[in-house]
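Record features (TrEMBL):
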type: DOMAIN; residues: 10-96; note: domain 'Ig-like'
type: COMPBIAS; residues: 103-112; note: compositional bias 'Low complexity'
type: REGION; residues: 103-123; note: region 'Disordered'
type: DOMAIN; residues: 115-208; note: domain 'Ig-like'
type: DOMAIN; residues: 217-325; note: domain 'Ig-like'
type: TRANSMEM; residues: 345-369; note: transmembrane segment
type: REGION; residues: 375-398; note: region 'Disordered'
type: COMPBIAS; residues: 376-386; note: compositional bias 'Low complexity'
type: COMPBIAS; residues: 387-398; note: compositional bias 'Basic and acidic residues'
Amino acid sequence: SCLFFFVCPPRVSERVTHRQSVRLGRTIKLPCPVEGDPPPLIMWTKDGRNIHSGWTRFRVLLEALRIKEVETEDAGTYICKATNGFGSVNINYTLIVIDDSSSRNGAGSSSSVRPRFTQPAKMRKRVIARPVGSSVRLKCTASGNPRPDIVWLKDSRPLVDNDSGAAGEAKKKRWTLSLKNLTPEHSGKYTCHVSNRAGEINATYKVEVIQRTNSKPILTGTHPVNTTVDYGGTTSFQCKVRSDVKPVIQWLKRVEPGDENKFNSTIEVGDHRFVVLPTGEVWSRPDGSYLNKLLITRAKEEDAGMYICLGANTMGYSFRSAYLTVLPDRKPPPVPVPTATSPGLPWPVIIGIPAGVAFIFGTALLWFCRSKRTCSSSSSSSSSTSSRDRGAQPAGGDKDHLSYEDYIAHQQLLLAQGGGGGATALAPKVYPKIYTDIHTHTHSHVDGKVHQHQHIHYQC
């Protein structure tokens, strides 16, 4: 059952048959149908021993264990253990290997399986050269029914452990002869003889132990090779050097003519000058050679050119060249953002535009002033004529346009009303050449009242 937050320990999702049988030489799959959250980790064991990648005929799949070319020794107890940290579950199997030949009292050799090599790809190189002090492994992995035996021979004579300095015994899932600390006496032909009652097979290796001599390094293989890389990509050159002593491996890049001043120091190799590049670690290989790699990251156009691997020791040096091609950058170049600049105008236009605006504004202002004067003159003349025709205006007249004559007549009327008969004696003397300026101000209050003020200015 699942725990909190939907965490489930492993459980068996299907029914399985715990007793499995298979015929000799066939292939079988033992299922392991389990599920859980998180998904469980699967581990297989046989008779208490963990099954790993070294078991060449065994392969752990996603939900099964596959056994190819079943042999008699494959019979036993298999356990699939599933664990996910919140629990575990086991599925047990008992595997029975059926040998048809046993039902025929051992006389039916036709039911036996002839031996065969199960890893021929690892046996293609039959001539092996190694320097003194190195090591070599010779493989003859095979299967058959019944399980075949293996015997190692050197130059057609049975090999003894003391002769090879290594373990030449054939053990279950160990079909390898290891020769260590090679000496010139180890040179010769090594043959693995694999047989059972159904037949036999052989494979022969020729081992050559090279005596070390004091000589300059030799570049082996085809590296470095011409390489092409995308702009901004990553690539590498490698160099394999054979030398009696550990060599110095250096990478150089050719300097194009005219670019010598760009570098602090260069060296001359052949007819060209080169710049020395930083070099990584030099690895020693079991075959007595030395390997070094040059890594190029974020390749740019200036990285293109000729590269040289230079191997040197106290006896001299050897080198080999290769070219690096960097493909052009496929990204479009950035589009420049135009700057906001005012277009250039000729100076007559620059001067003429403000002048024209000023002229138009002045003309409009002059027209407005003349129009106002004409209106004021007409209003005054009309008021005087009307006053003379009508006589004195009453107090409630329009005081905003009251002329001087109207105002004097209005004041005389007020004096006459207030002073009675003495009004004539108290009437002020009138000066017809007095100019007045009358302003009326009206104030409105919040309560709705309206109040007016009148200001009068006299000037002789």
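Yeah, the Cβs are placed from backbone N, Cα and C, and that goes for glycine too.
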Across the domain 'Ig-like' (10-96), average pLDDT on the 0 to 100 scale: 88
According to DSSP, how is the domain 'Ig-like' (115-208) divided among helix, strand and coil residues? 11 helix, 49 strand, 34 coil
Residues in the domain 'Ig-like' (10-96) grouped by DSSP into helix, strand and remaining coil: 3 helix, 48 strand, 36 coil
